[in-house]
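Database features, via TrEMBL:
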type: BINDING; residues: 100, 103, 140, 143; note: Zn(2+) binding site
type: BINDING; residues: 132; note: Fe cation binding site
Ligand SMILES: [Zn+2]
Ligand SMILES: [Zn+2]
Ligand SMILES: [Zn+2]
């Protein structure tokens with residue numbers, strides 16, 4: 001994690017920003033919760049544990065700055081809440097998300113997978129792709145397994 005913080009520090013530095021203690025605390029929280037997709041408020045509550053003097057506005061501004069610098073991606077899973085997602089190390093584009101419509105779980109696909117699609121779009125629409133947001137909505141493997149066992153129950157079958 002230290003290495004990743006140093007790397008982000010460098011990125012900020014090249015863009016002539018400083019990694020202030022508030023910014024560092026925010027980045028730490030994002031790193032510690034890399035698997036989660038936290039809202040600004042979630043980040044704020046966690047940063048507050050490290051830096052009690054910090055305000056929501058500061059956290060919000062920091063997240064927006066990190067987003068502008070493409071260190072963090074701002075995503076929305078359709079629930080009206082903006083979430084902040086740390087970009088994977090060395091990734092040029094945002095990773096993809098699988099959102100389960102039953103349990104709400106979110107998993108990530110780190111591999112871009114879109115090479116062919118991107119090439120086609122760039123050629124046919126003469127459009128230079130900088131990034132993309134791809135969210136799949138469906139039923140996660142755990143929910144599918146649970147459904148599978150339920151479907152075998154005769155009473156449930158009869159009810160349908
Ligand atoms: Zn993600
Ligand atoms: Zn891509
Ligand atoms: Zn699920």
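Any Cβ shown, glycine's included, is placed from N, Cα and C.
Curation does not apply to TrEMBL; its annotations are automatic.
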The residue listed as 'Fe cation binding site' versus binding-site residues 100, 103, 140, 143 - nearest by Cα: 100
Of 103, 132, 140, 143, binding-site residues neighbouring ligand 3, Cβ under 6 A: 103, 140, 143
Listed in sequence order, residues with CB under 8 A of residue 140 (Zn(2+) binding site) and six or more positions away: 98, 100, 102, 103, 105, 107
Candidate with sparsest Cβ neighbourhood (10 Å radius) among 100, 143, the listed binding-site residues: 143
Non-site residues, in chain order, whose CB comes within 8 A of the mean position of the CB atoms of 100, 103, 140, 143 at Zn(2+): 101, 102, 104, 105, 139, 141, 142, 144
